[in-house]
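See structure below.
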C-alpha cells in the first residue's frame, strides 16, 4: 500500500505514479524471439513484379527490411483458402513457434464466388470462416504448415467432374466423381479409398451440396437429390459425415444451393469416402500439420480491402480465444503510394512490430517490457509484466514485488553514496 504520509512511502507513491501509463500494450503483431513466421498475400509479397512505374515494393504493408528474413510465405492475389480449394494454387509453406497470418482478402464478397448459377456466396463465406477457424486452432499447436496432395483409388469408370466454377475460379478440392453410365439416376452408393500419410495431422474438406440438387443433362431421370457425404477411418473405425438439410435448390425459382464444407483434422491412416446419393466427393489436397509445440496462440491481422470494395469479417470470426489474437486498426484501409488497397499507413505501423522482439504477447497487444504495466496481460505468453493500478481517491499501488525490491536496492545505494560524499567532504 502506498500512502502519502512519510518520505519513504511518498517516494513509493511517486514511483507508482511513474509506472502508471508505462509499458502499455501496443497494437502490433510481433514475436518473443526469432522463431516466428508470417503467411501473407501481396501486402507481404516481396517477389511480386510489376511494370506500372510505381516505386519498388511500394505495395507492401510489411517493412521491406524483412524481405530477406526467410520468415515470409506470401503470394500476390492468393490466400490459404484460395489455394486450398481452387486450381489457383500457391504452395504456402512455413515453420515457426509464433505464427502470424495477414491474408484472406483474396477470397471475399467482392469476388462473389458461387459453385452454381443460382448458388449462394454467403455459404462460401461460412466455409471461409470454418476453414480459418480450424487453421488458427491447429497452428497454435503445430510449428509447420504446408500443402500436400491426396491421391485416391476409385473402382468405377466415372471420371472427376468439374461442376463448381465461375469466370475466374475452378474448384479442385474436393474432387467430385461423375455418375456411372450404367445407372439411370444418382440413387446409388459410391465409394473411394484415400490414404493420409507423412504428417502429424491433416486438415481436409468434407463437402456436400446442402439442399436439393437437380441432376445434370446426362441424368435421364431429371430428379432432385439430397447430398450425403462421409469419410470413414478404416484403421480405428471412426465415421465423419453429414447430410444436406436445407430446403433450397439450384433454379431461379428455388435458389441458394451451394457447397457447404466442414474442415476435419484427421490423423494419418486409411480412409474411405462414401456417398449415399448424388456425387461422391473426396479430398485432393490437404494442409499438412507437422511438429507439435507448446501451445502458442497465432496472431491474425485483419485482411480487408479499402472501403471502395466489399470485404468480410470471416478471419475475425474465425480468430477466437484462446488460440488466436486478432489485430486491427480503427480506420478504413487507405492505400497510399501504390493504390487504394496497398500501403496503408496504420497497417504498416501494425506490422512494424515484426522488426523487433517483445517480452509478452497477449490479447490486448504486445508488451515491450516484462516489469510492470498499467494493464494486466490477458492470455499472456512470454515474460509478461505485472499490472500496477493506482486509485486517485485513495492512492493504492498494487505492484510486482521485484521492481519494489530493485527500488529499495537503488535507494540503499543512493544512501551509501550520500554518506560517502558527506564523509569525503567532511574529511576535506
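Note that Cβ sites are derived from N, Cα and C of the backbone, with glycine treated the same way.
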Annotation N-linked glycosylation site per Swiss-Prot: which of the candidates 106, 193 has it?
193
According to Swiss-Prot, transmembrane segment applies to one of these ranges: 384-404, 405-425. Which one is it?
405-425
Please name which of the recorded positions listed here, 115, 207, 243, 319, 357, is nearest in space to residue 46 (disulfide bond), Cα against Cα.
357
Recorded positions compared (42, 193) - the one with the fewest other Cβ atoms within 10 Å:
193
Nonlocal residues around residue 207 (disulfide bond), in sequence order (Cβ under 8 Å, 6 or more apart):
174, 229, 259, 260, 261, 262, 281
For the topological domain 'Virion surface' (20-404), the mean pLDDT of the predicted model:
90
Near the Cβ of residue 319 (disulfide bond), how many other Cβ atoms are there if near means within 10 Å?
25
Taking Cα atoms as reference points, rank the recorded positions 67, 319, 332 by distance from residue 193 (N-linked glycosylation site) and give the first.
319
Cβ atoms near residue 371 (N-linked glycosylation site) (within 10 Å, other residues, all chains):
18
